[in-house]
Amino acid sequence: MGETRLARHMFLWCLSAVYMFAFASVYVQIPGLYGNEGLLPARWMLRVSGKSVWEQLTDSPTLLWFGPRLGLDTQQCMELLSLSGALLSLAATAIPTLRDCRVYLVLWMLYLSLYQVGQVFLYFQWDNLLLEVGFLAILVAPMNMPWGWRLHAHDNMTFWLVRWLLFRLMFASGVVKLTSRCPTWWGLTAVTYHYETQCIPTPLAWFAHQLPVWFQKLSVVGTYVIEIGGPFLFFSPIRRHRLTAFYMQVLLQVLIILSGNYNFFNLLTIVLCFSLLDDEHVNFWLCRRTPREERTSLQTLLSRFCLLVELAVYALLAYWTFLYFDLKVDWDKKSVSSKTAFTHFEFNRFLKLVTVPSIWIGVLSLTWEIVTAKFKSACLKGVFWRLWSTVHWAVFAVATASMFAISLVSSLYNIFKSTRLLDCVKIFITDQYCALLVCEIEFMYKPGNVSRAPPVVTPHQPRLDWQMWFAALGPQTQSPWFSSLVHRLLQGKRDVIKLIQTDESQYPFSQQPPVYVRAHRYKYWFTAPKEDGSFPQRWWRRVYVEEFYPAVHLGNAFLEHMLAQHGLKDKPPVRQASETWLPRTLKFVGDHVRDVPAPLLLWTLFSSAATVCLVNTLCSRTRPPQHSHCRPAQPTSEQMAKKEKEERKVEKKNKNMNIKEEEDEEEDAEGEDEKDKTKEMVEEKGKDDDATNEEDVDVSEENEEDDNDEDEEQTSEEKDHVRKRK
């Protein structure tokens with residue numbers, strides 16, 4: 001796998017945002033759930049004894065033991081921890097320097113402290129998942145402070161654990177649907193019930209529920225392909241396989257987010273999917289050009305072979321899908337029929353066949369990452385840095401291998417194990433003097449009023465509404481906390497009422513608590529469009545089933561028996577908290593924050609952090625580079641390898657240029673020699689010509705002298721002849 005620096009940054013940034021959602025969502029619900037007058041007071045979980053702090057931490061690892069030292073009771077200490085976690089994660093989302101391994105250690109400890117006393121309202125699978133992902137983030141995150149540098153040779157090795165967790169989550173989620181022997185999942189009809197049987201559906205769920213049955217069944221087939229077949233592509237050596245698996249998983253999570261309010265769970269799953277990306281693909285998203293190297297003939301041949309293997313895997317996956325789900329296209333009806341073409345025995349045999357190979361795939365993939373990390377650390381320059389990197393590699397290799405070994409024996413996730421018809425508990429209030437007067441308490445989020453549209457509350461999780469949904473799946477004896485809810489409503493506790501309605505004016509007994517409370521069980525279904533295709537006036541239709549909780553009042557024998565049986569009776573008065581500045585500050589913040597609807601509060605915090613990130617990014621592009629006095633970052637092995645490769649290219653280029661220059665010099669020298677020879681020949685020829693010319697001149701001079709002599713002789717002869725004649 002290539003460089004993953006940008007993918008890790010995206011993972012840590014998104015995880016910080018998810019932490020912020022989780023802490024802020026819990027913070028606004030603490031008084032009603034865990035307060036001194038809440039449903040399940042957290043102080044009952046922390047028994048005061050003569051043990052030391054270390055012994056108390058050993059029994060229950062939570063920072064709430066230090067509350068009395070700060071002058072805080074258990075409720076105020078929970079508020080302090082959740083508020084600190086929300087602010088710290090918000091700062092980590094906005095400031096890149098705070099995405100440090102020690103910051104994520106603090107966030108993990110804060111959420112674990114709340115989890116230890118959260119009881120049934122914090123024991124959801126996504127809370128366990130957040131703790132596991134948060135612990136992995138401690139290994140993945142860099143150590144930015146105070147020097148701003150660290151070795152990066154082991155980054156891919158620790159980041160691999162996130163990919164392995166994603167494999168476990170998705171593969172287990174797909175397998176458990178079939179191993180549960182739920183008839184709706186085996187009959188491929190689960191989605192026809194899923195949209196209306198969710199705890200808190202969205203408005204789009206109503207429209208999705210109206211889709212044809214054949215399409216609903218086909219979507220179940222697609223879910224099996226994504227959750228059972230897709231995870232094996234996570235460890236493929238072919239890069240496009242991992243990218244395909246990434247988009248498959250994200251598509252599934254986005255569709256779930258659009259059709260249901262599952263708090264931060266699906267967002268956290270998308271965060272895990274970033275482990276399938278590399279920097280090249282992230283740069284593609286950011287429209288950044290990456291230099292492409294020239295391929296040799298061998299690399300070209302290998303890439304074509306990988307393409308053939310990739311297409312063969314897709315074809316094999318499609319073939320198995322058509323074979324085992326008996327897909328047939330009906331062109332006349334414009335539909336696709338599907339059914340499970342295998343038995344439960346065959347599926348169990350398949351699981352036995354792939355379980356051991358899947359573990360070995362993980363072992364081989366992890367081994368490759370460990371060996372690659374060791375090679376990178378060995379490529380560093382300098383004995384000290386090479387030794388220091390080797391120590392880092394050894395520590396993180398042991399930690400990674402240990403986490404992998406623990407994951408093999410830990411419990412699997414079983415998300416959406418079965419689908420049931422929605423049994424929605426409704427609470428009715430009857431006046432003591434008029435038994436015919438019935439007033440229904442309307443919850444903010446869960447289905448109630450048949451004419452009210454489903455809300456959108458993601459990423460907030462109204463934990464009381466979720467537990468009301470689970471309580472409706474069985475008798476009230478399986479939900480002991482429900483007796484505490486009835487008791488607090490009869491007492492008119494304001495903190496509990498705010499869990500039902502933030503706006504107390506919408507609560508029918510805001511002025512005076514009810515005298516009687518009872519609960520009935522109803523079944524809810526989505527309505528269907530009218531025959532002319534228009535939308536109905538109501539979103540829901542419901543049918544009465546049975547009484548869930550009998551009519552009770554304060555002091556009722558049945559209510560007192562249930563409270564005493566489950567240890568929910570009011571304990572002696574709690575110790576009065578001190579009136580220092582810290583408790584007063586917590587009370588001031590809580591009174592102002594809890595009046596804001598939780599989903600609006602969460603998205604406001606996220607928008608502010610995202611705005612700060614955007615402004616910092618824009619400023620960093622326009623800001624001139626500044627010299628820093630801190631120690632420069634030690635280059636990573638990838639950077640050093642890339643630098644060495646570039647240096648080799650430059651050396652090769654310079655060598656070629658030198659060779660060319662030498663050849664040019666030789667050619668110039670040969671040319672100069674030829675010129676010199678030519679010049680010498682010309683000079684010699686010139687000398688010969690000059691000599692010849694001189695000889696000619698001499699001959700001509702001699703001839704002239706001879707001529708002159710002859711002329712003189714002739715002249716003297718003529719003179720003699722003239723004398724003789726005279």
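Just so you know, glycine gets a Cβ as well, placed from its N, Cα and C.
According to TrEMBL, the protein carries these features:
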- 12-30: transmembrane segment (TRANSMEM)
- 105-124: transmembrane segment (TRANSMEM)
- 123-283: domain 'Lipase maturation factor 1/2 N-terminal' (DOMAIN)
- 130-149: transmembrane segment (TRANSMEM)
- 218-238: transmembrane segment (TRANSMEM)
- 250-277: transmembrane segment (TRANSMEM)
- 301-325: transmembrane segment (TRANSMEM)
- 350-371: transmembrane segment (TRANSMEM)
- 391-416: transmembrane segment (TRANSMEM)
- 440-550: domain 'Lipase maturation factor 1/2 C-terminal' (DOMAIN)
- 621-726: region 'Disordered' (REGION)
- 640-660: compositional bias 'Basic and acidic residues' (COMPBIAS)
- 661-673: compositional bias 'Acidic residues' (COMPBIAS)
- 674-690: compositional bias 'Basic and acidic residues' (COMPBIAS)
- 691-715: compositional bias 'Acidic residues' (COMPBIAS)
- 716-726: compositional bias 'Basic and acidic residues' (COMPBIAS)
Using Cβ atoms only, state whether the transmembrane segment (301-325) and the transmembrane segment (218-238) have three or more pairs under 8 Å that are 6 or more apart in sequence.
yes
Among the recorded stretches 12-30, 218-238, 250-277, 350-371, which has the greatest number of Cβ pairs closer than 8 Å to the transmembrane segment (105-124)?
12-30
Look over the recorded stretches 218-238, 250-277, 350-371 and say which has the most C-beta pairs under 8 A to the transmembrane segment (12-30).
250-277
Please report, as numbers and ranges, the same-chain residues at least 6 past the borders of the transmembrane segment (250-277) whose CB is under 8 Å from any CB of it.
4, 6-8, 10-11, 14-15, 17-18, 21-22, 25, 125-126, 129-130, 133, 159-160, 162-163, 165-166, 169-170, 195, 198-202, 204-205, 208, 223, 226-227, 234, 242-243, 415, 445, 455-461
